[in-house]
């Protein structure tokens, strides 16, 4: 199996896990406040990653590179997730999903500006098709408000922050393994979110943590949607250009919608199906040109 295909599978699996996160979070956030849940996600993820890093890798990050790792943890974990939580709360779920999932558009632009990646017609067309598909998949209910200006602004900041993470990780994954980058950036995120969690936990009724379904949800969010998903995403981004790899992020709301249909009984419309098809076409269009696949095979 070629490393280009492996990269695609890694990104698709990560998007699928984040799609499942939409469904699980919808339930768990009814009982656990956002930043307490975020803290549980990161401490579980860091514990698992640290174990694997200790057993398998043990590659230390050089002191001169720590500010960059901190920047990755801040942009990719804290700002993107924090702004997503607060922005969706101030706006609404549809607008939140729409703006948050638009980060590949920003990634393509930033990859061109910061990493000098080629801005080919295939990339531009794929982004246009996938974005149109995203509008159809997420949609807006008739008469639904467009959300508050501040909420929408936070969502945009979160999307741009995730795009920065995707672009910047390309600058360091030639030096460090995916496992090392994911472990250290998750650890930084855990440290950064802890003070906010301590303020948030004062309003939290911890009795809800005894519920087996909430425990299962937290385990999924921590181990699957954070540990596995971030590792797979970072690995996939290592194997191809940031502008192309980020397009797979469009699959998250599609898979989330399918899982919502299966487990929550949510309806799937014709526009959802057509939008999902556009996202599929838009995602794989750049791969008609095999030179778009960037390969690196060393390390975990």
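Placed from the backbone N, Cα and C atoms, the Cβ positions cover glycine too.
Annotated domain 'EamA' per TrEMBL: 6-138, 150-285, in sequence order. The transmembrane segment annotation in TrEMBL covers 35-55, 67-87, 93-114, 121-140, 146-167, 179-198, 218-234, 246-265, 271-288.
Here the transmembrane segment (218-234) does not lie next to the transmembrane segment (93-114) in space: the count of CB pairs under 8 Å, restricted to residues six or more apart, is fewer than 3. For the transmembrane segment (121-140), same-chain residues at least 6 beyond its ends with a Cβ under 8 Å from one of its own Cβ atoms are 94-95, 97-98, 101-102, 104-105, 108, 146, 243-244, 247, 250, 253-254, 257, 269, 271-272, 274-283, 285-286, 288-289, 292. Residues 8, 11-12, 14-16, 18-23, 26, 97, 101, 103-104, 107-108, 111, 126-127, 130-131, 133-134, 137-138, 162-163, 166, 236-237, 272, 275-276, 279, 282-283, 286 of the same chain lie 6+ residues outside the transmembrane segment (246-265) yet bring a C-beta within less than 8 angstroms of a C-beta in it. When pLDDT values are averaged over the domain 'EamA' (150-285), the model yields 90. Most Cβ pairs under 8 Å to the transmembrane segment (179-198), among the stretches 67-87, 93-114, 146-167, 271-288, belong to 67-87. Residue counts of the domain 'EamA' (6-138) by helix, strand and coil are 113 helix, 0 strand, 20 coil (DSSP-based). DSSP assignment over the domain 'EamA' (150-285) gives 118 helix, 0 strand, 18 coil.
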